[in-house]
């Protein structure tokens, strides 16, 4: 039997010693069976959430010249504005417009590893109040995400600080502000890919659904797509491939996608926050208690072979450092940035060679 809805967990229960054990049991069940959940009562002020949404939507109303002044390909950091259709997932164009931000870092030095290019200052729009709102939100979300990963650790029988070694000065939380135009604006009949089927990369990510539109879908174990509609007062949490690898498959990373809004529905907005880890770290599986791995084996045996549109690709030991893996994935998703900066052509050529050997051809990005 596979899941047919996404569970909702109340984070305030984890902050009360009397209700915390029940919360951890529910969290463990969700990690093993679903890998996707809503959380409510996060502690992020509602006034800040409202400001984040308002400022995010207003950004896309800026004149094109103001947005292009902070275009992603202006810098080798993969931070900044991406025009409609400039990102690729599973060799197809994602029909979305977005701004990528991160927690603050100074410019990398000349002797730093290449992946330190990712650790750089943001390109900020000039909108009054925008930077202050988003810096506040990212700071609060960073703290909350570390709290949540400590709860994941406890839920699967590890010490609360089991993941702390992945958080240091080269840790970079990331955030996207995303606009998905509807099919009428795109001039498309039927369906369009807002973002293609994928699994998130690292530990956990937290999505603020910033408009009333449906579109986010999660793939269950039978291959069916389950709606994950907006629910007021919640964030959607996705378990990343890194978390699945670290926990020996106990925490499930689940495939998800976004469909473009229907004709006449207007644009959908979302603001995902991606918990970062140290780019200098390597991933090695943790010693998860046998009682929990036995539960994992029981769940896997019960549900049988998993039908999944996206293969699990995160392999411990595949990369010298997590930063190298992250840089590779950024170049893969944003080939226009990879083409522009002379540090990246060898990596981009390797990606394209691998795709050609596998018989894949990526859709062409829009010109301009």
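Along the chain as shown, the residues are counted starting at 1.
Cβ coordinates are placed from backbone N, Cα and C, and glycine is handled just like the others.
The record from Swiss-Prot ties 198, 200 to Fe cation, and of the options 105, 256, 321, 334 it ties 256 to that site too. The separation of residue 268 (2-oxoglutarate binding site) from residue 256 (Fe cation binding site), Cα to Cα, is 16 Å.
Rounded to a whole number, the distance between the Cα atoms of residue 268 (2-oxoglutarate binding site) and residue 198 (Fe cation binding site) is 19 Å. Here the binding-site residues are 198, 200, 256, 268, and the one whose Cβ sees the fewest other Cβ atoms within 10 Å is 198. The CA atom of residue 268 (2-oxoglutarate binding site) is located 20 Å away from the CA atom of residue 200 (Fe cation binding site).
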